[in-house]
Amino acid sequence: MPEKLLKITYQGAGPQKKINAYLRMPSQNYTILRREIELYLFQERQLPKCDVRTFWIDADQDEIEIVNQNDYEIFLAKCESNMHVQVAPLAPIEEPKATKQEGSSANAEAPSVDDPSNFTIHDSVQCDGCGLAPLIGFRYKCVQCSNFDLCQKCESAHKHPEHLMLRMPTNNGPGMVDAWFTGPGLGRRCGRRSRGHCPFQEASQPAPAAEPARDSRRERRHARRHAGVLSQFVEMMTNLPLNTTTATAPAEPQKPKAAEQTESPPQAEPTVTAEKATESEAKPTEPMKVNTDQSVPTTEDPVTTPRSTEPTTPVINLDNLSQIVPPEYMRAGIEILNNFSEMFSKMIDTTDVGDSGIFAPSTTSSAENKKPEEQSQSSGQSAASSASQSAVPSAAPSANQSNVPSANQSATPSISGSISDAQLETEPLNPKPLETTTETEQDRRRSDSLDPEWQLIDNAYSANNSNLINLDTTNPTAAPQQPVRDFGQLGELLRQHMNEEARVEQASANTQTAQVDTVSTSTSTTSVTTNSVGTSPAAPDDKRTVPVYHTDERINQSIHAMMAMGFSNEGAWLTQLLESVQGNIPAALDVMHVSQTRN
């Protein structure tokens, strides 16, 4: 029968390696086993003597302690084929002494934070706050003063709080920090460094003209010695208000531009007097006097005098606008803006309404002015000569003097009997009878800021309309008898027209012609009432005649509908606008809204 052996593994404390050994199988007594293990390890191997514990590792890799005889018998039963006992010391050898030494060393290595023995000693440096010399701990050096240092206690007490302080944790500051802040001149070492072209000194040469006057030799010597880069930077930062005045000095030649901008505020003000407008356009209109004398009538000189104290429509500064907007878009833009400004001024001013409603359409001229109106439309918009431009303003007062008073007496009773229902719907749209003759031509003048070129373009189309909006002529006595505007009727007219447009698109060709006749007869009431202001009531055939603005029937109907709503077709701008959108009134209103918001 082979002899049984017991394997033991001992892992002692300290750097010694693990020891594996075999023992002959001792008796079945656990006490004898412990004695033989201690004899082998501590006497034969001469290992440091200590209390040991015995255990074994089962199949689950768990440590099973062997403490008494019962545990030893279980070990023999479980590990009969492979008996292996693990031996380990209960505690490290001389553990109490080691812990005491480690604790004492830890206390020695981690002293208190406020212990001065842990701080760096800055030799030959004295605290200017408390007089501590040498300075111990963190050294706080003032950046703006020549030689001012504080210890960490004085700095924590917020001494010298008005200047920037630099914290120096180590004692190598005099060689590095002084080169940055104080510059050369601190001794032979600094002199040698400055002779080697110190990079901090090259960019720190101050301009002789910018140097302030030194009062004494001490200040001049201090400036020579302490002329570092950061000291110059600190002086520049502290003297920022002085630097801003010198920086703005060369900007004085630009003051005339600022003065010109302050003299011409019409673009920002909603309402401007004619005096401000003439001042703003005085300079740009001087080189254009030759052209104005040749093309514009001489009646414009007395026009400006009576309007000098009365408010006008908003003025557009074309000097700045012409630099942004191309010239080809200026014409239509000016027409749209002027019409909008006149219409809104008419709607806002309650004392200027009278019996005319919101806006006077362009067909309120007399019978004498109607023939040149048709001739100018047939011959083209841009073919009007300078003679016709000067003749229309001069002929308008005489026509108004002879026709307007008779129209006020005879037009109303004849129309009220025939088309009373239509007159009720279009009451806010009826034109206002003119009361003055001399001020009519004065109000026809455009805003004062327009150049003569734009005035010529407007005068070319002035033959189409002899009456513009009167913003200055008011009748305060007739104010209590003014009818209230009914904007609901305007919306109803627009809705009816949109419904007619929808029906025209869905119906056949025969139905379209029938609806065209219906729309033309409904819109003819407005033209009849406007044409009958300057003339006596005509025959029934004359009332049904409607001026044709476009060959396309749909665009022509749209023009009449928008004129009934208060828009003017002066210069045929409304015809061009509706032609671009194929007679779609909502699309035309959107285009005008977008152009107005952009401007």
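Every residue gets a Cβ built from N, Cα and C, even glycine.
Taken from Swiss-Prot as is:
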type: DOMAIN; residues: 3-88; note: domain 'PB1'
type: BINDING; residues: C142, C145, H160, H163; note: Zn(2+) 2 binding site
type: REPEAT; residues: 386-393; note: repeat '1'
type: REPEAT; residues: 399-406; note: repeat '2'
type: DOMAIN; residues: 550-595; note: domain 'UBA'
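Same-chain neighbours of the Zn(2+) 2 site beyond C142, C145, H160, H163, judged by a C-beta within 8 angstroms of the site's C-beta center, are, in sequence order, V143, Q144, F148, E162, L164, M165. Within the same chain, residues at least 6 positions away in sequence whose Cβ sits under 8 Å from that of H160 (Zn(2+) 2 binding site) are D128, G129, C142, F148, L150, C154. Within the model, the domain 'UBA' (550-595) carries an average pLDDT of 86.
Cβ-based neighbour count (10 Å, all protein chains) for C142 (Zn(2+) 2 binding site) stands at 19.
Most Cβ neighbours within 10 Å, among the binding-site residues C145, H163: C145 holds that distinction in the structure as shown.
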